[in-house]
Structure formats: structure tokens, C-alpha cells
Amino acid sequence: MIKEYLSTKYTIDTGNGTNQASSGRCWIYSALNWMRTMRLKDYGKTFEYSQNYVAFWDKFERANHFLEMMCELKGKDVNDQELQNVLARIFTDGGEWELFENVVKKYGLVPKYAMPETGFSGASAGYMDILKKRLKEGGGVLHKLLREAGDSPNAEVLEHVESIKDQLLSEVYRVLVAYLGAPPTDFLWKAPKVDAKKDEKKDEKKEASPVPAVEEKKEHEWQETEEKPSAPDAPAASPVPADASKKEEAVKGLVIEEYRPFQRLTPLQFLEQSLFSFGEKVHLSHLPYQPEGRLLVAERVTNLYEGKRLQAFNTNMSIIKNAVRDSILAGQPVEIACEMRHADRTKFLLSEQNDKTAEIFGFDRRIVLGKGEELLYGVTSVAHGMVLIGCDDDPVAATAEGDAGLMLPLGPLWKVENSWKDVQYLYMTDSWFDAHCYDIVVDRKYVHEAVLASYDTAVREADHIVLPTGDPFCKI
């Protein structure tokens, strides 16, 4: 398979593969996959945060936001395009970074065992259909009630509106519990003992292949960690030693590990242990149909009514790719949102060379739209979230230095961690990255100084372009 010939010069270590199944939760999986790299050495490769927990509270808060929007739009006729966009786009399974940040900062995180996947969590279409219909029905009642009450509804009408909202949210909660389970208010936690040698052997087995790979390249210096001490050999069976201070004692040939007490934690307390800082992250976009150097804010796209709205600072792909590369070289993954045309799961490759439709049917390739125009005309959409974890050298700089590695037919590659079960990693060509990546979330210290200064000023002064709900970037 072509996968065996693919590699990147620099790669960040990750946990085991995850599986979003038949759901639109890629944005939750990619964000949590990024977050767990912060505790990979402490928790091991098998650790996962509960994606189901985040999805539960996202849907609950999104339902509340939808109902509030229907009340806010009481002055709009039911046929108004803005109202129709809210009906179609606000309560969905997809999401973006700000929505993830909102729900995690409010509700925290739990390990996967505290709220595992259910038989329905990975097949979200069923319960989402139930909730969408019920919310549209209830939202319609609220909109109609307030519209008929006029500009100054009396206290009785407002009280009735609140009681309807409370009833609808209690119904939403019951549906979510039935399908996803009840979210825990606290849980018992004990950090797993990490077997470094076992993880290393798994990695070696995963990478092993009879097919010759490309010439192995030297890893970047950040990846060269100190040698991990091997676990001590188990002592021979003997009576319990008198020295109770020893961390391991032999009893009937079995090794008893040092006692590590369980902790009872709340989800917010567990979030504090994640070592992840939301405040240091910057959302950058490349939407060619919008002006460069401006902050874009979708004021109706959120899951938390009082929370942050979908927003990104619009820039160019050069700025984005430089930030991604610098972050990866520093050992920090980057979240990416893109569309998934030209994805070949059998080749584990994202490349425009995968698409032979034009050759098969004789399409004239001169009749095409640009990147931003494809979004505007609905040819494509920002459809999938992943985590960038690997890269090659900058193609321009590397060519100037005569890097022979760029003689590969596909050119320099980027490596992403996906959430498609058996397709944990994908490689994308540099040209595919340019054409199909629309936004990233990266630590601010890797963003160009001038861009960062403009971003900070725009946020501080609320100097932004308001995106209507019908904008392609708002379709999540």
C-alpha cells in the first residue's frame, strides 16, 4: 500500500486511535485528541477523554441557544431567510473550536470510563432527528407566541414563554440521557500506570512492514527524550519483607505496586489537571471571499447562549502553514478544519491526484471555481476536523538547501491524526493543504507577530465583520 511509503520528517507522538463512528463529532474528537497529548507521558497511549460527555452537554446547551434564538427573532416572519437559516443550521451535530471551548470550560472533562460510548452515541442521526423535530416544534410555538404578543409582551406571556422553554429543555435532557447516558457529577480517578516499554513495542509493531519505506530521516531534537528507565524485575517469591517502606513487595510471586489512592474529582477539577490553556489559542482562517487581516464573527453560531461565538482571524495560507510548522517543530499539535474531497482511505492519502473524475468523464478542468468561490456556491464546505501532528521542511527553504527528500513524487507532506477507527493517520500533500484547509487553531506563540498584534487589537476593540448565519463558514 502507498501508506508504507509515506512519512514526515517531524512527527509528534499521539495516543491510540479513536473512533467517532457514524457521527458528526469530529470536532470533539480532534480537540480531545489534541488535549490528551499534554498528558500522554502521564496517562499513557490508551487514555481518552470522554467524547460522549462533551457531546451530551453540547447538545443540551445548543438546544437552549436555539430556543433563545427563536425568541430573539420574534420580529421576523417565518419565511424570513435569517429565521430559516437558524432553523436549518443552529442545532446540528457538527461544531467548531469556540463551541468546544464553551462547553468544556463550563462543564469540564471526564475520562472515557466515567461516561463511555453507548450503542447510540456513535450513530447520532437517530436522536438528533428526534431533537431537531421537537425543538423546531417548540421553537415555532415560542416564536408564534411572542410574535402575536407584539413588541411589549406582558408578564403573563413572558412567564408562559419561560415555562415552555423549561419544559422543552427537560425533554431534551431526557432524550439525551436515554441515548447517551447520564453525565456524571463526579467520578473516581487514579492516574493509570504507564508502561513505557509496552507502548514502545506497540509503536514498533504498528510501524513494521515488509514493504520498504522511504529513507528514515533524523527526528527533530525536541523528540529526543531521555531514555525511560525500565521497570524493575519482579523479585522472587518470598515472605513479605520487614521493610515496609519498599515500594514493591513480593507475595506468592506477585508484585504489589505502590499504593496510589483514588481521588474523587468533579469534571471541572479534572479539567484543571489537563495542562491545557484555552486562553493561549488563536483561531486562524483562510476564507478568500472575505478580506484578509480581519476578525470574522458569526454572532448566531454557538452552543452556549452567553458563550463565545464562532470566530476566526482571516489570513493567508503562508501565515497558516508557517504557524503549523513552527508548532509541530515545538512538539505542539494543531487543530485543522477542512473538507475531505480527494480522500483515499486505502492509500491513507489526501491528494488531488486521487480524483480521476475529470479524466474518466472528460471534464474540462478549465471550468472551475476558486477556493473561496467553491464555498460560496456550495461546491464544498468546511466538513471535517483533525489534528496536524507531522510535517516536512518548508519546501522553499528546503529546495534552496538542496534537500534530496523533496524529490519524492508527492513533494513535502503533512501528517494528521484522524478519528476514523482503522484510519488513525492520514497524509496530505502540500497542494491539497493549500486548496482544502479553511481554518486552524494554534498556540498564539507560533503566530506571526504582526498577525497576532492585529488579532489582539481586533478582539480588544471588537473590530470585526459580522457573518450572517447563511455564510458558508457558519455551516457546521
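Placement of Cβ uses the backbone N, Cα and C atoms for every residue, glycine included.
A 10 Å cutoff on Cβ-Cβ distances gives Cys26 (active site) a total of 21 other Cβ atoms nearby, all chains included. According to its DSSP assignment, Cys26 (active site) is helical. What TrEMBL records for Cys26 (among others) is active site.
If you look up TrEMBL, you'll see His384 (among others) marked as active site. In three-state terms derived from DSSP, His384 (active site) belongs to an extended strand segment. Counting Cβ atoms from all protein chains shown, His384 (active site) has 22 others lying within 10 Å of its own Cβ.
Summarising the environment of Asn418 (active site), the number of other Cβ atoms within 10 Å of its Cβ, over all protein chains shown, is 27. Summarising the annotation, TrEMBL assigns active site to Asn418 (among others).
Per TrEMBL, compositional bias 'Basic and acidic residues' is recorded for 196-230.
Feature annotation from TrEMBL assigns compositional bias 'Low complexity' to 231-243.
The feature region 'Disordered' is assigned by TrEMBL to 196-245.
Of the recorded residues, His384 (active site) and Cys26 (active site) place their C-alpha atoms 6 Å from one another.
Looking at Asn418 (active site) and Cys26 (active site), their Cα atoms lie 8 Å from each other.
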